[in-house]
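Engineer: Let me begin by handing over the structure; questions about it come next.
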Amino acid sequence: MEFKFSAVVDPSTYQTQGLCDGLTVRYHKNTELEEIDCLRCQEHWREQVGPLGLYRGGLGHPWSGMSIAIPEALPERLGIVSYANELAFLHDDVTDIAKYYQGDEHNNDLKAAFDQVISTGTIKHAGSGKRALQAYVAKRMLSIDNDRAITSLKAWSTFLEKAGRQEDYRFKSEDDYLKYRVHDVGMLFWYGLLTFAQAITIPENELDTCHQLATTAYLHMALVNDLVSWDKERQSAAALGKDYVTNFIFVAMEEHAISEDQAQERCRREIQKATVDYLRVFEEVKARDDLSPDTKRYLESVLYSMSGNVVWSFHSPRYYTDASFSERQLEWMKNGIPKAQTSEGGASGVDQGEVKIHDRTINGHHAVTSNGTGTGSHDTLNGDGTAHENNSRDASIPGRTTNGISNSDTSLLSAVLQAPYEYITALPSKGFREHAIDALNVWFRVPAEKLAIIKSIITILHNASLMLDDLEDGSELRRGKASTHMIFGLGQTINSANYQLVRALQEIQKLGGPKSLLVFTEELHYLYVGQSMDLYWTSNLICPSINEYFRMVEHKTGGLVRLFGRLMALHSTNPVKVDMIDFSNRLGRYFQTRDDYQNLVSAEYTKQKGYCEDLEEGKFSLPLIHLLQTMPENHVLRNVWMQRRVRGTATHAQKETILELMKRNGSLQFTEDTLGILYGHLEKSIGELERRFGAENFQLRLIFELLRNG
């Protein structure tokens, strides 16, 4: 294995008690990266969860845990794996301190959060405690290496499913205990850390073999942990009123009726045996030609994890009260980590300047305001929040209401009226807007009842707009299924979509106060203005400028974002008042530009909506606007586009022709570059909001990172 980021440690500078003889110890050259992120994790824990007390984690002097156990971690990944490991230490201490029968609850919660981010791309309730920190870990890992991050998150979820599940079981034999301990030590957790840190990919067909070969190494690390943590675990057990300790030393004492010292010596012999056994395993691995280079690199890296774990453990303040921290670590603990390293959100290496084409800028935004009410940031809640009952019962006529329609008739009519809406609502959705609302509520702290109403309003309007969009655009597919009007026809679809405005208005009334209604009508107005611009250009073959295009996007796509942002600001319980207009407009521009790009290049999008659907519908998307403006005299382009108008649609061959012109002319690359800049603007807005609110929003950053990589 090639060594780029570490150096061999002089054996005279550390002690091992003979527990890793024959193994080399290496140490990372950039250990300050670990120190910064371990301390950052502790800061986040204090902010999000609570005080740490006398907590000791992965840091120490002269050796810190990740720098010596994964010495070849890529420098840009060392920080986040150190943060993740520190979070694991904090979680471990919580489950130790809690009543032992509650340990599963903590593991279940962490597992559920990892499962959520894998399956849905977000972590719900990330504004509370540990889940906010998990969202932070996931976001940073996904931003570095999406595929390996997902692999690690899946491995950690599986580990949490098994870890700590027998803490209330009194093991009778060493064999039974060791079988359990190999998994509980975090074989899969360490696998996730190590593969991500060193950018290793184990082929699927070699995964089981890899874990089997590494079992002895993980047993080694488990027993080292049992040896050095014996006093700590024994004290925790006594504090919890337990008469047993889930530790090899305790099991050996009971099984063989031996003293504590004898059991510790027995543990050392098992560790030494595991060292010899794994060295033999690795020698055999090197001679095999049926294993990939990455599998071999992983199994070799585990050697350094074994030796590093021994050296760190014997010098760690986590296990030894006389162990120390470095002067730099103590300085940062006292005064905070370097300010240049405190935020992950601002610059992303993307040029923050404007993108220009033919002197048309796409950076300017149109702030939507009306009579000074462009934001609800300084509004106060008026009214009692109750909805008026418009359909009171007429007691003299059973089964009737005062409007003369029977309840049974109303129910039937409602079912017919709602059927198209319920059809589109039942189609699979990633729920981006709902996740974004949850993330923003980390700042706004809108009461749960009002937040549910805001979500309901946005869901109703979003699905209604999709029904009308598909109908107006002639789209036959929505989320891989037949569009609503292809099932229910034009009339029923239009009627049901329009009725949703009534439902949304009824929901707005539940929020109480006139300002909610004002925000609602303003943003609904702009949403329809944006849609009309889009339809007008398509119908009349008018190619807008890029500025005009983004003005339309801010109305049409940004409208719903502004609506929920302004409603949340209006009903916020946070005393900090912030204008969400700029953020909402930037999100709208990014979201629509991404949609334009995905429509042309994404296989998944083709499956859900059809091949290059925007070209088929004649929409002026950003790539097409760029193409038409940079090739205004191209006869092939002009004639293909005119034929699409004549036919009312575009054939597969015509779409292929336009797509090829986009590739040759750089229109797709322009759109991709624009996305990078728009994402930079979005990150800048998030950073500004974090500074205004005085709190980082890991969940929001995770959502956008997944959106960028999705």
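From the backbone N, Cα and C atoms, a Cβ is placed for every residue, glycine too.
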Engineer: With Swiss-Prot as the source, identify the stretch among 9-13, 14-18, 124-128, 469-473 annotated motif 'DDXXD motif 2'.
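Structural biologist: Comparing 9-13, 14-18, 124-128, 469-473 with Swiss-Prot, motif 'DDXXD motif 2' matches 469-473.
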Engineer: Ranges 62-70, 278-286, 575-583, 701-709: which does Swiss-Prot label motif 'NSE motif'?
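Structural biologist: The listed stretch tagged motif 'NSE motif' in Swiss-Prot is 278-286.
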Engineer: In whole Å, how far does the CA atom of Gln592 (dimethylallyl diphosphate binding site) lie from that of Glu233 (substrate binding site)?
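Structural biologist: That comes out at 54 Å between the alpha carbons.
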Engineer: List, by number or range, the same-chain residues at least 6 past the motif 'NSE motif' (278-286) whose CB is under 8 A from its CB atoms?
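Structural biologist: Beyond its ends, the motif 'NSE motif' (278-286) has Cβ neighbours at 22-23, 213, 216-217, 220, 296, 299-300, 302-303, 306.
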Engineer: Output the one of Asp231, Glu233 that, of all these binding-site residues, has the highest number of other Cβ atoms within 10 Å of its Cβ.
Structural biologist: Glu233
Engineer: Which number gives the other C-beta atoms within 10 angstroms of the C-beta of Arg181 (substrate binding site), all protein chains shown included?
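Structural biologist: Arg181 (substrate binding site): 24 neighbouring Cβ atoms within 10 Å.
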Engineer: What's the CA to CA span in angstrom from Asp231 (substrate binding site) over to Asp469 (Mg(2+) 3 binding site)?
Structural biologist: 66
